[in-house]
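Student: Here it is, the structure in full.
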Amino acid sequence: MKHLFKLDPAKNLPHNSVTRLIHSGTDGFIIGGTDNLQTEAVENLYELLAETDLPIFLEVSDESMILPEAEHFLIPVVLNTENSKWTHGLHKELIKEMGEFIPWKRVTSEGYVILNKDAKVAQLTEAKTDLTEEDIIAYARLAENIFRLPIFYIEYSGMYGNPEVAKKVSAALDDTKFWYGGGIRSKEQAAEMAEYADTIIVGNIIYEDIEKALETTTVFAKKTV
């Protein structure tokens with residue numbers, strides 16, 4: 001997967017955009033958000049995407065994001081927080097309550113590093129965002145070599161990140177996949193981050209300018225003679 005659209009169930013999609021997003025050339029969708037999450041809204045959004053055979057990932061930030069019919073679940077582990085609630089605390093409580101019924105083969109964990117101090121998700125998780133490049137690379141190596149996480153996700157959440165950081169993170173990882181999300185608002189930015197990240201995540205621009213959002217998939221289009 002090179003490209004994923006991230007959809008927030010608490011936001012209204014632009015009119016007639018779902019079919020265009022599905023047929024844009026993206027590799028799949030993440031459904032996830034930070035606040036005002038309701039199971040009904042998650043179900044409605046999931047059903048809107050039902051016509052696609054592309055993977056739909058539910059990013060489980062609370063219980064409202066859990067739909068039994070979903071095929072793929074992403075479990076965020078926030079690495080750059082000192083509040084254990086977001087590294088394993090909530091996870092343990094959910095497993096304690098539902099562990100017997102969790103479809104583990106459909107679950108993928110992702111190591112998150114949140115780097116925009118003004119983002120809601122940074123404030124919610126008490127993320128320490130004033131990190132050096134060395135800090136970020138250390139988190140990448142921690143995710144891969146200590147926690148054995150399959151995904152390392154740098155999240156700038158609405159702000160475009162530093163391509164040089166992405167380049168160094170990419171070089172530090174061998175097997176763990178590097179996902180980048182945050183502030184991609186043009187095909188040029190998509191191409192720049194895609195040079196280093198295994199997967200780029202495009203979110204906010206969907207709600208701001210659907211045409212520019214759709215253009216971000218074109219950087220992966222196969223060239224024909």
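Note that the numbers count up from 1, one per residue, in the order the chain is shown.
Each residue, glycine too, has its Cβ placed from N, Cα and C.
Not my notes, these are from Swiss-Prot:
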type: BINDING; residues: Lys6, Tyr153, Ile154, Glu155, Tyr156, Ser157, Gly158, Gly183, Gly203, Asn204; note: sn-glycerol 1-phosphate binding site
type: BINDING; residues: Asp8, Thr34; note: Mg(2+) binding site
Student: If you count CB neighbours within 10 Å, which one among the binding-site residues Gly158, Gly203 has the smallest count?
Tutor: Gly158
Student: Hey, how far is Gly203 (sn-glycerol 1-phosphate binding site) from Thr34 (Mg(2+) binding site), Cα to Cα, in Å?
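Tutor: For Gly203 (sn-glycerol 1-phosphate binding site) versus Thr34 (Mg(2+) binding site), the Cα atoms are 13 Å apart.
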Student: Round to the nearest Å and give the CA-to-CA distance linking Ile154 (sn-glycerol 1-phosphate binding site) with Asp8 (Mg(2+) binding site).
Tutor: 18
Student: Compute the C-alpha separation of Tyr156 (sn-glycerol 1-phosphate binding site) from Thr34 (Mg(2+) binding site), stating it in Å without decimals.
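Tutor: With distance taken Cα to Cα, Thr34 (Mg(2+) binding site) is 14 Å from Tyr156 (sn-glycerol 1-phosphate binding site).
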Student: Roughly how wide, in whole Å, is the group Lys6, Tyr153, Ile154, Glu155, Tyr156, Ser157, Gly158, Gly183, Gly203, Asn204 that binds sn-glycerol 1-phosphate, by largest Cα to Cα distance?
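Tutor: For the residues that bind sn-glycerol 1-phosphate, the greatest Cα distance is 17 Å.
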Student: DSSP three-state call for Asp8 (Mg(2+) binding site): helix, strand or coil?
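Tutor: The three-state answer is coil.
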Student: Check the DSSP secondary structure of Ile154 (sn-glycerol 1-phosphate binding site), expressed as helix, strand or coil.
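Tutor: Once the DSSP labels are grouped into three classes, Ile154 (sn-glycerol 1-phosphate binding site) ends up as strand.
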Student: Which residues, sitting 6 or more apart from Asp8 (Mg(2+) binding site) on the same chain, put a CB under 8 Å from its CB?
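Tutor: Asp8 (Mg(2+) binding site) has long-range Cβ partners Ile31, Gly32, Gly33, Gly203, Tyr207.
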